[in-house]
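K.L.:
Found this in TrEMBL, in case it helps:
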type   : residues : note
DOMAIN : 26-72    : domain 'RING-type'
REPEAT : 113-157  : repeat 'NHL'
REPEAT : 161-204  : repeat 'NHL'
REPEAT : 212-245  : repeat 'NHL'
REPEAT : 248-300  : repeat 'NHL'
REPEAT : 350-393  : repeat 'NHL'
Amino acid sequence: MAAEASESEPALQELMREAEISLLECKVCFEKFGHRQQRRPRNLSCGHVVCLACVAALAHPRTLALECPFCRRACRGCDTSDCLPVLHLIELLGSALRQSPAAHRAAPSAPGALTCHHTFGGWGTLVNPTGLALCPKTGRVVVVHDGRRRVKIFDSVGGCAHQFGEKGDAAQDIRYPVDVTITNDCHVVVTDAGDRSIKVFDFFGQIKLVIGGQFSLPWGVETTPQNGIVVTDAEAGSLHLLDVDFAEGVLQRTEKLQAHLCSPRGVAVSWLTGAIAVLEHPLALGTGVCSTRVKVFSSSMQLVGQVDTFGLSLYFPSKITASAVTFDHQGNVIVADTSGPAIFCLGKPEEFPVLKPMVTHGLSHPVALTFTKENSLLVLDTASHSIKVYKVDWG
């Protein structure tokens, strides 16, 4: 019996930690809910839960009107109420949380596992972010989101260094940013679903080029080792390569690399092999249910590997819904999963699928990911409006 208890203790500790992160933490300020006045969980009229301090911070000082930070519905601060289920859960788990020191820190990880070392952003700094990129020269992190200025640049420690891209209808404005990439010479390229264009800025936010009229719905965008730009067109079902003179702001050539793709969205390029991974969203026949499929093409655009939601279900007990794709420095395909949520390594394209969980806790809704030169993994979590930095723990 003692042996069984000792074996179950790590699982219970992990369960407690998941409860703390997923249920007992305000997803706006990342503070723990509690019985103290400012940290009491409050129900908004839309059903989402935030702490009382965030209700006060978000509400208009005179009218008390506020906008839900998650669903954007209009609410009134005076119409909030205590979230009794969360308060009851705090009471039920309170003694266990106090007794278990492991509940207040990351669960012990196996040597070589990825653990979250740093988080930055948060509601207000970022609003419903959709795309993430890393500047190859400066190491700065660029995010596109739904704020008044659509492009936000963070320094290496997570501070906001610069922002640009006004929300508006002018050609140089950004209506609805979907994805972003940074070129080898530090130009910022944004796909804008609002006017179905691709917009190129220098790193200080000056518009250099607007490419419009060529795409039905530009979505994913990525830079190649040769400083070209690959773009998916989700509505046309195609993948394109753009050659641009960024210094002069001139589009030199457009090439359609693939057609007949099924709602392609995310795209990634391996700097090791030149392979291109595309994330499709095909509809299951007769059901109207959307699944996901990862296709990987060689540098000569030959299909070298693919796997879909059903194929992954044969290797993993839970459904995996891929929301983003990238390559690591060894050429492995890495995907974000919103069903888990989690991050998985699928292995090299010729080995598909070698399913290895990399991150299985601490995420809410990952939508973008990339690796730094130091091999840290950056994950954009749109539900918590933040960037989470994962590093290998060799301890």
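Each residue, glycine too, has its Cβ placed from N, Cα and C.
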K.L.:
Between the stretches 113-157, 161-204, 212-245, which wins on the count of C-beta pairs under 8 angstroms to the repeat 'NHL' (350-393)?
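P.N.:
Of the candidates 113-157, 161-204, 212-245, 113-157 scores highest.
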K.L.:
Looking only at the repeat 'NHL' (161-204), what is the model's average confidence as pLDDT?
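P.N.:
The predicted confidence over the repeat 'NHL' (161-204), as a mean pLDDT, is 94.
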K.L.:
Just to be sure I understand, if DSSP states are collapsed into helix, strand and coil, how many residues of the repeat 'NHL' (248-300) fall in each?
P.N.:
0 helix, 24 strand, 29 coil
K.L.:
How many of the residues that make up the repeat 'NHL' (350-393) does DSSP mark as helix, as strand and as coil?
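P.N.:
Within the repeat 'NHL' (350-393) the tally stands at 2 helix, 23 strand, 19 coil.
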K.L.:
Take the repeat 'NHL' (113-157) and count its residues per DSSP category (helix H/G/I, strand E/B, coil), listing them in that order.
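P.N.:
Taking each residue of the repeat 'NHL' (113-157) in turn, the totals are 0 helix, 25 strand, 20 coil.
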K.L.:
Where DSSP helix means H, G or I and strand means E or B, what are the helix, strand and coil counts for the repeat 'NHL' (161-204)?
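P.N.:
Helix, strand, coil within the repeat 'NHL' (161-204): 0 helix, 22 strand, 22 coil.
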